Structures are given as structure tokens and as C-alpha cells.
Amino acid sequence: MAYANATKFKLNTGAEIPAIGFGTWQDKESQEDAVYEALKAGYRHIDTARVYGTEPAVAAGIKKSGVPRQELFITSKLWNNCHHPEDVETACDASLKDLNTDYLDLYLIHWPSPFARGDKMFPKDKDGKPMVGDTDYVDTYKAMEKLVEKGKCRAIGISNFSKGELERLLEETSIPPAAHQIESHPYLAQHSFDAFHKQKNIHITQYSPFGNQNEFYSSGKDIGKLIDDPILAEIGKKYSKSGAQVALAWGIAHGRSVIPKSKTPSRIKSNLEGDFKLDPGDVQKIDEMDKKIRFNDSSEDFGWNFFTDLDGKK
């Protein structure tokens, strides 16, 4: 049973994306059960990526749930080693096969940065430095446009682009991105970048909507957990919601989808209950929590200087 009265947003393609999606990054071994639990709880938007290695588990969880494909919104992402235009369709086909579907609702360029072509997800030179490729992300995106024409992708988009990179993409390609998936939470609100997307009619999906809740982010270990912030807790009391649920509702109040992840059935369910309406005054209070703190910046590891014109760049 899909979550009753679930908020959905319209993409520039006319399709609808459920406001709360289920993120499947990390915990590869737990994902089949987690996806099954999520679908049972009422999620209908699943976010995965080639690099996560979770596409087969997502397919298994969907199969186990019995939820028909047409009820689902599935996003996957093209990895950096397949940016060459000749590799894009092959990479998409591999994702489709592992997801056991003949189309993706949304296919994103995971990062604007190319790696060397080949089977290695993280190619390194003899000194352990990333082996970068020379494909321009504009050419990668043009190859993705062909997948829309072929019906393999209902919509295409991007992830982790800077404003300058996005502006150039819009100038040089024909299909505007339907969505941009970026790190976003009350400590990294990116108000002006958000306004730019609204002006261009590009939907934003927030990854890491709980900020430094994820142990993966070493930079977030020396500050208090975002979801324990007293402002979120105080607002939560008013609605009988947790700080985490308030953080999700804040993203939704701004017209963005959010993709929390969890492998715990109770938390999977409670994250879905982050789809509720905050009063405008409360949204404003959370807006003012912005600390311009970015937890995810892979510039060094990927050999590309990300987010140069955005908040939170160190």
C-alpha cells in the first residue's frame, strides 16, 4: 500500500517524483531486506547508483514486495568510469539489467568528473592518485539524451554539479536536466542555488538530508549531530515529530525531494513520516540554521575541484 497522501513534485517532463525516496548507498548486504521493508511501509521512490553496487539488491527487494513497476519511481546514476559517450548506453543497460527493468524514471550523471575508461570503478596510477579521464561532461550528457529518445530513461539529470557547470550544461545541451541531486540539509541550505534551480525549473533532490548523521563524513565528527540540534527538536515537539522528521519536512517545504537511508525497519517507517507540513514560521527558523557546512567533497579523491562557486567550499 503506497503511503496515503504522500507529497509528490512535478518534474519538467510532466512526471511526478515522490517527495520522500529511499536511499540505498552503503550497507550493500542489507539492501534487499531494507528495500522490501521500505516498499512495504509505503515508499515508492527508490534511489540507487551503479557505484553503490546495490542495484541487484534493489531489484530483489522490489520483486519480493510485489509492488508493480509502474507504481515505482527508480533513479540510478552513471559512474565516472563510463563518461565516454560510447560507454554511456552500455552502462545504462547494465543498470537496467541489474534492476530488472526496461526503463529508469531518472538517470543522473553522478559527478561531473570523468575517470579513465575501463572496468575499474576507482582507477589509480602507480602513486595511488586517481586516473582521470578526458571526457567533457557535456558530451556525456548528450549521450544520455539519446537514451531518452530510445525510451530507456524517462528523464535525465545531474548530481554534484557547481552552478557554473550547470549553466554551461544548459547552454550546450538540448534536454534541460529534470533533477539535480545535491547534498542539502539545514546546515547547508544553499538558498541562492535553490532559487537558481527554481528559476530554471530543475527539481532538487537532497542527499544526506540528515547531514553529519552519516559516519562516512569525517568532517562532521567534530560538531554536534544535525538531527539533535535543539531548534529541530523544539519545532518537532509542536508536531510530535523527531528532529530527523523535521529536517525532512523542511526540504519538502522547499519543494525538494529527500532520500534518507536506513536499514532499520522502525527508522525506515519513521523517515516516511517526515512528509508533513511545517508552518511557514518554522520553515524560516530552520532556514536560519544554515551554517554553510558541506560534509561531502571528493575533490582530492576524484582529481576534480568540485563546488567552487557554492556555499560550504573549503
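Even glycines carry a Cβ here, placed using N, Cα and C.
A TrEMBL annotation is a machine prediction, not a hand-curated record.
Positions annotated as domain 'NADP-dependent oxidoreductase' by TrEMBL: 20-290.
Feature annotation from TrEMBL assigns active site, proton donor to Tyr52.
The annotation site 'Lowers pKa of active site Tyr' is assigned in TrEMBL to Lys77. Here Lys77 (site 'Lowers pKa of active site Tyr') comes close to Thr48, Ala49, Arg50, Val51, Tyr107, Leu108, Ile109, His110, Ser159, Gln181: these same-chain residues lie at least six apart in sequence, with C-beta atoms under 8 angstroms from its C-beta.
Cβ neighbours within 10 Å of His110 (substrate binding site), excluding its own Cβ and spanning all shown chains: 20. Among the features that TrEMBL reports, substrate binding site is placed at His110.
Note on Tyr52 (active site, proton donor): other Cβ atoms within 10 Å of its Cβ, all shown chains, come to 21.
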